[in-house]
Amino acid sequence: MALIEPTAINNKKVIVGMSGGVDSSVSAYLLLKQGYQVEGLFMKNWEEDDTDEYCAAADDLKDAQAVCDKLGIKLHTVNFASEYWDNVFEYFLAEYKAGRTPNPDIICNKEIKFKAFLEFADDILDADYIAMGHYVRRSDESGQSQMLRGRDGNKDQSYFLYTLSHEQISRSLFPVGELEKSEVREIAKEMGLVTHDKKDSTGICFIGERKFTDFLSTFLPAQPGNIETAEGEIIGKHQGLMYHTLGQRKGLGIGGMKNSNDDPWYVVDKEMDRNVLVVGQGGHHPRLMSVGFYADQLHWVDRKGPIDGAQITVKTRYRQRDVACTLTYEGDDRIKVIFDEPVAAVTPGQSAVFYDAELCLGGGIIDSLIRE
């Protein structure tokens, strides 16, 4: 098993974001093993209003405390619920209201885990570094800190961290980024950590196990409308465009239809002005494909960004394979990206993250699509 070798670290204090999961648990252990002075910090980012979510958060805190007790380190707690509401949740609602599909985890990393958390660790806990259980790697070879993909290609989380600056990366450690997930679980089991077989968390943290539609409808009024084929035929009703995203296949409520084949139906467009959900058959329907996109709200890790006309690769959603592309600037905060080959289900509101081989360059928010 490829453990990270201990290094000579004297009196450097690291505050580890302890979530109650296996990745942060092993991160704390590895940093102790390397000789750091380690303390944990458990963040409460959401005020739970029902029993299941409250219990889940309480269980996470209990697991985080058990791991810290086992490792012999302090666990601090902090409540960032108001910061989360103002900076993450309100953005999430505004994007859905505008018909886009945001990624709140990316905003949470930007505003909470690597901003509010870092400030608290600095001001209150006198930290030299913070550490998280993310599957990314840090490189300092160029003279400034840069972010590389995690060693485990299936778990690489650089897509979610592209908004970090090289200054933030220089203050952050990512101990599990050099490991495979299976190795992380093996270490946790060997060390007798209660989190060794705990399921990975999935979905949006403030929704938890609740139905997404039920949750969203408590904050945004639904506006039902027609479902139409790309040819304009009305074939059903939707309960609100905000409940649907491009490329979606499940939950459309479209049964078998006369004169149509057996190919599954996909959301291929959302026409906000008419409140119409447009669907087509097949995952490569022409309305679902794009040859490129425009993006804004740019963030480059090194502050400069790639050169105009750079030929690099891009991910337009997590776990998507990299797609080769050419990037050109349309102004200080807008880019045009053309794929080498058409891509399905590129979605406004989602993040486009750019890479040069293993190096994460940064990215932006997809604003509009280029169909041809």
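Sequential numbering from 1, following the chain as shown.
Note: Cβ is positioned from N, Cα and C throughout, glycine not excepted.
Together with Gly17, Met18, Ser19, Gly20, Gly21, Val22, Asp23, Ser24, Met43, the ATP site in Swiss-Prot holds one more listed residue from Gly133, Gly143, Gly150, which is Gly133.
His134 (site 'Interaction with tRNA') is surrounded by 26 other CB atoms, counting those within 10 A of its CB over all protein chains shown. In this view, the densest Cβ surroundings among the binding-site residues Gly17, Gly21 belong to Gly17, judged by other Cβ atoms lying within 10 Å. Annotated pair Gln350 (site 'Interaction with tRNA') and Cys108 (active site, nucleophile), C-alpha to C-alpha distance, rounded: 14 Å. Of the listed recorded positions, namely Met43, Cys108, Cys205, the sparsest Cβ surroundings within 10 Å are found at Cys205. Checked against Gly17 (ATP binding site) by C-alpha proximity, the recorded positions Cys108, His134, Cys205 yield His134 as the nearest.
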